[in-house]
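Student: Got these off TrEMBL a minute ago, pasting:
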type     : residues      : note
ACT_SITE : 375           : active site, proton acceptor 2
ACT_SITE : 375           : active site, proton acceptor 1
ACT_SITE : 503           : active site, proton donor 2
ACT_SITE : 503           : active site, proton donor 1
BINDING  : 374, 378, 402 : Zn(2+) 2 binding site
DISULFID : 135-146       : disulfide bond
DISULFID : 343-361       : disulfide bond
DISULFID : 528-540       : disulfide bond
CARBOHYD : 53            : N-linked glycosylation site
CARBOHYD : 139           : N-linked glycosylation site
CARBOHYD : 329           : N-linked glycosylation site
CARBOHYD : 576           : N-linked glycosylation site
SIGNAL   : 1-21          : signal peptide
Ligand code: X8Z
Ligand code: ZN
């Protein structure tokens, strides 16, 4: 054949294959969504079954097998997408291209045998975490009483949590805190194996390590740096709170500690991640009517079901999608008496457009009312993006997912709103405002360094900076550096204190909660504007505002169809993660705390040398290694 004929033949072939490729793409994507729904459904059912019944030994094997089946299917689809569409340079449609790119990316790429092993390791750790018990503490002998029958020993949830929140006995707190970490150490070897295997999968999936893969879900250049800069921005606010709380704790536990960093076990929470339960002896104006509605909820005979309906009503008042029959029929909202379950609250998408469930061991108190709004936020997001093609049925990034319900809760917990739903009858005053912001800060501001450091630690484990012999020293370096806390006793060489936190052993990324804690204030601010709320940001309640609801659902419906800055733009009008909304919200409290701290002549910070930028604007002395 002649050359020019050959060339035109080739051109025709390319044209034909391009047209063919377009319809192939549509077929491929349609098939991906249909068969994927079945794959995801089967896998979600198998994992749900384990989480709601840890006593049945036959279930973990089924879940691990389901995980392997799903992984195998994903690998097959990835291989097909690559074989058919190569590097996607011939695909012009950005949405289809994005879907195919996602399908081609297999995060953890492991053989079936390895996937089963990895899933089994995680389930084993989860089982150790949720089924072990410790001897109850005896107030009489002031030591643990192991002569009690095993059924009366303390579980992590609710007994240990309850003691960490409500005991004001320094020694009992140290006992529970330490005993729980003795149990956590049982998982150390499983965790080492998990790290190796998960890293193997990430490398085979084309990533440097598991941390690299997890960070990739945020689609941000230099994500580590973005997180660090954001943290530095809010650090001065945290330092004010830390200084104030330390002074209160020194008064509460006289002579029990001398370090400038606070002992980790007296902050009212197993991990010192939120300090809300210290409210009783730290509230700025104790004589003013409380902003905590737990007592009122109990007085009004609230039940877990009633609490879920309060949350559902709030979402509906904005014109958002209400919880469906399947949700009400299949969710587990109370701890069963006859079997162990994973009590840590979670929200499940069965990926068939209908089946959405929450699993939660609800207690009747204000904190759990907030958690219900958090979980329902996940469900609302699932429902809002259910019509997207399968690859896009995800949060704009994992941090967005954590922020949805919290945004709602910011409105719900305002005294203004609690009054509307009959849980508070108070007149607003400046003192009450400070009490309210203080309670919010014990939850949100105290959380910031914790939310940040968990994955700083895990990224360092995955990239090999920490190995099993430095897990614990690395952990405490970060806990002291970022949170300004220290362990109440010398930690044993084989301790695995990071493993005391559920997300670490069940392989749930955590930086999303830090991202969320900043982003939720941006969402809240945008919705408050839409609802024409013009008073101070922290007073805004956008209850019943369809305009706020429309703004929100517009963003939610996008799912992960565009990179997150687009979703951010859709709701806030700009594309960045930005700490100015959270700063504005807490401004009156920050000024108040600062005044108190300066009045008391207290030093700021703890043993660590902080960047200049942070210390410059503080005119009080920095702390040395011990308090003067
Ligand atoms: O795990 C959760 C939710 C489920 S996604 C209850 N949270 C983090 C935690 O408990 O450690 C919400 C706040 C932080
Ligand atoms: Zn969540």
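Cβ atoms here come from the backbone N, Cα and C positions, even for glycine.
What you see is a predicted model, and the numbers here were worked out from it, not measured in a lab.
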Student: Which recorded positions, if any, among 135, 146, 361, 540, 576 have a Cβ under 6 Å from ligand 2, given in order along the chain?
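Tutor: Cβ < 6 Å from ligand 2: none of the recorded positions.
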Student: Report the member of 374, 503 (the recorded positions) whose C-beta atom has the most other C-beta atoms within 10 angstroms.
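Tutor: By the 10 Å Cβ neighbour count, 374 comes out on top.
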Student: Sequence gap of 6 or more, C-beta under 8 Å: which same-chain residues meet both conditions with respect to residue 135 (disulfide bond)?
Tutor: 144, 145, 146, 148, 153, 154, 179
Student: Whole-number Å distance between the CA of residue 53 (N-linked glycosylation site) and the CA of residue 503 (active site, proton donor 2)?
Tutor: 19
Student: Which entry in the list of disulfide-bonded residues, 146, 343, 361, 540, has its Cβ near the fewest other Cβ atoms, using 10 Å as the limit?
Tutor: 146
Student: Measuring Cα to Cα, how many angstrom lie between residue 503 (active site, proton donor 2) and residue 374 (Zn(2+) 2 binding site)?
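Tutor: Cα-Cα, rounded: 16 Å.
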Student: Identify which of the glycosylation sites 53, 139, 329, 576 has its Cβ surrounded by the largest number of other Cβ atoms within 10 Å, counting every protein chain shown.
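Tutor: The residue with the densest Cβ neighbourhood is 53.
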Student: What are the non-local neighbours of the residue listed as 'active site, proton acceptor 2', defined as same-chain residues 6+ apart in sequence with CB under 8 A from its CB?
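Tutor: In sequence order, the residues whose Cβ lies under 8 Å from that of the residue listed as 'active site, proton acceptor 2' (at least 6 apart) are 345, 346, 347, 358, 360, 405.
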Student: Sorry to bug you, but what's the C-alpha spacing from residue 374 (Zn(2+) 2 binding site) to residue 576 (N-linked glycosylation site), rounded to the closest Å?
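Tutor: So the alpha carbons of residue 576 (N-linked glycosylation site) and residue 374 (Zn(2+) 2 binding site) sit roughly 23 Å from each other.
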